[in-house]
Amino acid sequence: LAKHPEIKALMKPDYNLIWVVVLMVLAQLTAFYLVKDLDWKWVIFWAYVFGSCISHSMTLAIHEISHNSAFGNNKAMWNRWFGIFANLPLGLPYSISFKRYHMDHHRYLGGDGIDVDIPTNFEGWFFCTRFRKFIWIVLQPFFYAIRPLCINPKPITRLEIINLLAQLSFDVVIHYLWGVKSIFYMLAGSVLGLGLHPISGHFIAEHYMFLKGHETYSYYGPLNLLTFNVGYHNEHHDFPNIPGKSLPLVKKIAAEYYDNLPQYNSWIKVLYDFVMDDTISPYSRMKRQLKGEVKQD
């Protein structure tokens, strides 16, 4: 910032995010209707080909919203309510809990017992062969859901209860209107999209140490178009209050800080290398013992 003070001008909400999220919700509602009378094989097909992409993209929209990118820091609660709305097509409550834990990830990156992005000791111990690492990738959404309860459980908040009740009500309405195939499409799309899927390469690309001494990596490939530029991950951790839309400008303005860092151009290759490289496992993360006062949401 001292060298490039113009970056401060990028620290503002991305109002286009609001309309993109609304359109994504409408797209999934349309899909729920269209799959209700299809054969099961086509429900599964469209859940993976289309629903999984929208679902994973929506989780990254929720990531943007967790940083108050939709309405700005002055309207924090507007972002929380909007996150609950964005959560609806995923089928499972996610938005409010994600916000609480994700802020810890930014404040205490790699903090032992705090950052729930760090795999558990069991994950590192058990998923150590190529086949087991492949299974671990398939089951990633389950580990991301269960891991906070094992590493850093937090008291349930009022907003989390509201998130849960809103989600259950939405699911009941969808089942009542269009039946079990629409519900299956919704839930399968979320599970498949966060598991063995090209976009899921970002889970591993962001912080797994393929090169010793480098714990955060950026990806500059085309899938950033579907993921609100989450691939610009060094830039995001440096400036978490800048919306994803503007992160390419951060890289352009401060190119001397980012261009020479290790980077990726393919999340599919990241997944392949993670499975096939015997020196990489869920243990390949930087873990820190935190000192001093720890403040959590």
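Placement of Cβ uses the backbone N, Cα and C atoms for every residue, glycine included.
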Among ranges 118-139, 184-205, 250-271, whichever one TrEMBL labels transmembrane segment: 184-205
Long-range environment of the transmembrane segment (184-205) - Cβ separation under 8 angstroms, sequence gap at least 6: 28, 31-32, 35, 43-44, 46-48, 50-57, 59, 89-92, 137-141, 144, 171, 174, 217, 219, 223, 226-227, 230-231, 233, 264, 266-271, 274
Residues of the parent chain within Cβ reach of the transmembrane segment (81-98), under 8 Å, 6 or more residues beyond its termini: 18, 21, 24-25, 28-29, 54-55, 58-59, 61-63, 65-66, 70-71, 145, 148, 157, 159-160, 162-164, 166-168, 170-171, 183, 186-187, 190
